[in-house]
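Swiss-Prot has this to say about the protein:
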BINDING   CYS15, CYS18, CYS37, CYS40  Zn(2+) binding site
BINDING   PRO119, THR120, GLY121, SER122, GLY123, LYS124, THR125, LEU126  ATP binding site
DOMAIN    3-56  domain 'ClpX-type ZB'
Amino acid sequence: MSKTGGNDSKSTLYCSFCGKSQHEVRKLIAGPTVFICDECVELCMDIIREESKSSLVKSRDGVPTPKEIRRVLDDYVIGQDFAKKVLSVAVHNHYKRLAHATKHNDVELAKSNIMLIGPTGSGKTLLAQTLARILDVPFTMADATTLTEAGYVGEDVENIILKLLQASDYNVERAQRGIVYIDEIDKISRKSDNPSITRDVSGEGVQQALLKIMEGTVASVPPQGGRKHPQQEFLQVDTTNILFICGGAFAGLERIISQRGKGTSIGFGATVQAPDDRRTGEIFRSVEPEDLLKFGLIPEFVGRLPVLATLEDLDEAALKKILQEPKNALVKQYQRLFEMENVDLTFQDEALSLVARKAIERKTGARGLRSILETILLDTMYDLPGLESVEQVVIGPEVVEGKSRPLYIHGDRNKDAPASVSA
């Protein structure tokens, strides 16, 4: 423990690691003979996280084991146990296949791209992002709704590979082992089962264009991005070992799955079908490739995505956990934001339950949680920088319902004055 000279030496305490005084930091934790401040604790935690990320348990192939991949996914994504297991095995096998690509030439292992099917806000995008973080490979996201056939206004499918190249700093070797996540894949389904005079340039046409790069081809990628620079030299990227993960909400697919096998009949002798009262996520667990064909995906495209992982609807308990438990949980993010104003932010348990219920009512899943919290905390974040001596803000259920303002707890940090409360 360090001390100042003179009369202050008995009263002022210092961090034994960085030397800051108790007045310069929020918290000072005492040990037997030393002190450590909250900033040094955070720094130590960051170092431990980085080291744990690099010390993943790996199999003999140098690839993280499925259980280890699952464990790290659990740190960031709540629930979705079935999808995590499917993804962990598929990704492990994919990179194990790459590790043995040159060792055995008698049997060629085919690539297994992945299809994620789940309601909005169930964690599809977050799962793909976390996988790339675990494996330390280039990762890019693409929106299927912006893609069109070559020659039409919109993005070419080759632009997806360009984004992957940019994510790998134009290192072609690294890009060829990366992960591509294509979101909103359900939006490029065929518009109709019947052939039309007009071309479906953003539906079936895009599916046809994606086939080759997903299966494996040498794509000619313009480094400056497409059609505006026709004279530029092209980079050659082999997509054979790029893992493609496609995700979509597939609204209406649950009806196709429920109707499968029931048959149809009309007339007085027709059997009345009981409505399927299962939740959407439960119905998705029964999905078959034939259901995706009826939805509007072409057979060749479905065949390029042999691994199907379905995600479930998030209930109130899961949404509450999402608010609090992941490493980058929303409550932790807002608490950190308030810490910058030297204020503790506290949510009562019933308040978090109400936030979760609101997200369920809006049918936005986890994606809607941030919007709800922003609305609740807007006035507080507006007023707080101009208020003095506020030490704590408490959010109760009445605040979430809009019936009252947050509770402000005032106090003087420099004196032994009693705290005061205001609403």
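Every residue gets a Cβ built from N, Cα and C, even glycine.
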Specify the count of other C-beta atoms within 10 Å of the C-beta of CYS37 (Zn(2+) binding site).
24
For the C-alpha pair, I'd like the distance in angstrom between PRO119 (ATP binding site) and CYS40 (Zn(2+) binding site), rounded off.
41
Structural state of LEU126 (ATP binding site), classified by DSSP into three states:
helix
Specify the nearest of the binding-site residues CYS15, CYS18, CYS40 to GLY123 (ATP binding site), where nearness means the distance between Cα atoms.
CYS40
Within the same chain, and leaving aside PRO119, THR120, GLY121, SER122, GLY123, LYS124, THR125, LEU126, name every residue whose CB is within 8 angstroms of the centroid of the CB atoms belonging to the recorded ATP site, in sequence order.
GLY118, GLY247, ALA249, LEU311, GLY365, ALA366, ARG367
Between the binding-site residues GLY121, GLY123, whose Cβ has more other Cβ atoms within 10 Å than any of the rest?
GLY123
Spatial neighbour of CYS18 (Zn(2+) binding site) that is closest, considering only the binding-site residues GLY121, LYS124, THR125 and their CA atoms:
THR125
Residues that sit under 8 angstroms from THR120 (ATP binding site) by C-beta distance, when 6+ apart in the chain:
ALA249, LYS363, THR364, GLY365, ARG367
Among SER122, THR125, the binding-site residues in question, whose Cβ has the most other Cβ atoms within 10 Å in this structure?
SER122
Can you tell me the CA-to-CA distance separating CYS40 (Zn(2+) binding site) and LEU126 (ATP binding site), as a whole number of Å?
30
